[in-house]
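Notes follow the structure.
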Amino acid sequence: MIIVTGGAGFIGSNIVKALNNIGYKDILVVDNLKDGTKFVNLVDLDIADYMDKEDFVASIVAGDDMGDIDAIFHEGACSSTTEWDGKYMMDNNYQYSKDILHFCLDRSIPFLYASSAATYGGRTDNFIEDRQYEQPLNVYGYSKFLFDQYVREILPQADSQICGFRYFNVYGPREGHKGSMASVAFHLNNQINAGERPKLFAGSENFKRDFIYVGDVADVNLWFWQNGVSGIFNCGTGRAESFQAVADAVVDYHQSGPVEYIEFPEKLKGRYQAYTQADLTKLRAAGYGKPFKTVAEGVKEYLAWLNRSV
């Protein structure tokens with residue numbers, strides 16, 4: 001069996017889909033379906049069982065026998081960069097991750113988990129997996145950073161796989177439940193389908209991010225699991241592309257336009273990553289050689305999926 005925490009969420013459900021694609025269906029999804037809309041991410045997937053997050057935490061802390069487990073993909077977390085409840089964030093992202101990590105270490109179960117590019121904070125260069133380059137801007141980034149630090153202390157002594165991925169700007173199918181935290185491509189598509197002009201912040205040609213298609217993220221996870229590689233790795237494309245490029249791809253797909261530019265919100269100033277670009281040196285050195293989709297390629301594939309039944 002494989003366990004995917006956050007399996008009804010965005011990246012988790014795409015990992016479940018990727019596992020299904022290689023014939024793997026003995027999957028336990030762990031999630032919190034308080035937000036009942038997330039169930040839609042699972043309806044076309046094959047899983048063996050579902051378990052509520054709180055029941056799962058109680059089981060692993062108690063050391064319950066959960067049978068033979070081939071791997072745990074730990075994607076479950078609070079991923080809102082605008083959430084400032086530090087206790088909630090640390091319980092959800094830090095303590096929960098430690099509990100699962102030790103459960104895996106005690107049983108030699110491969111443990112692959114979601115870190116984040118938010119660990120790098122507001123820097124504009126050297127997005128390198130090293131302590132000197134890490135300075136998170138918000139409590140979400142700090143919770144991810146602190147767990148990475150915890151993992152770094154344990155890695156040299158670990159007898160089983162521990163692998164963390166610093167996800168950059170992930171977009172693609174199954175993110176609709178994220179609301180305001182969903183990708184720009186998702187929101188622009190909705191605006192156009194509602195008969196509105198697509199809206200971007202003024203200066204969006206200058207805001208550049210490393211946008212990575214979620215299918216590529218799932219591929220990275222499966223490759224590292226199948227190859228047993230440990231460490232903390234950036235998971236981006238190695239290319240910074242502008243929000244304008246995302247809008248251009250959406251407008252091109254819909255043959256619509258023009259874009260309407262709106263003022264940048266005051267509350268985000270100083271807390272907003274203006275530039276991200278993954279350094280892929282470590283990822284490539286580990287042996288991962290697949291190419292990553294460009295924004296133009298990924299957005300086109302994503303919009304075809306989003307509009308498949310419109």
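Using N, Cα and C of the backbone, Cβ positions are placed for all residues, glycine too.
Feature annotation from Swiss-Prot assigns active site, proton acceptor to Tyr140 (among others). When other Cβ atoms within 10 Å of the Cβ of Tyr140 (active site, proton acceptor) are tallied across all protein chains shown, the result is 24.
Annotation comment: Swiss-Prot describes Lys178 (among others) as active site, proton acceptor. For Lys178 (active site, proton acceptor), other Cβ atoms within 10 Å of its Cβ number 16.
Feature annotation from Swiss-Prot assigns NADP(+) binding site to 10-11, 31-32, Lys38, Lys53, 75-79, Asn92, Lys144, Val170, Lys178. In the three-state DSSP assignment, the secondary structure recorded for Glu75 (NADP(+) binding site) is coil.
Feature annotation from Swiss-Prot assigns substrate binding site to Asn169, Ser180, His187, Phe201, Ala202, Gly203, Ser204, Arg209, Tyr272. Remark: Ser204 (substrate binding site) has Ser242, Phe243, Gln244, Ala247, Tyr261 as non-local neighbours, by Cβ distance under 8 Å and separation of at least 6 in sequence. In three-state terms derived from DSSP, Ser204 (substrate binding site) belongs to neither a helical nor a strand segment and is classed as coil.
Taking each Cβ in turn and tallying the other Cβ atoms within 10 Å, the top scorer among the binding-site residues Asp31, Glu75 is Glu75.
Using Cα positions, the member of the binding-site residues Phe10, Asp31, Lys38, Glu75, Lys144 nearest to Asn169 (substrate binding site) is identified as Phe10. For the pair His187 (substrate binding site) and Ala77 (NADP(+) binding site), the C-alpha distance works out to 22 angstrom. Least packed by the Cβ count within 10 Å, out of the binding-site residues Lys38, Lys144, His187, is His187. Secondary structure at Asn169 (substrate binding site), as computed by DSSP, is strand.
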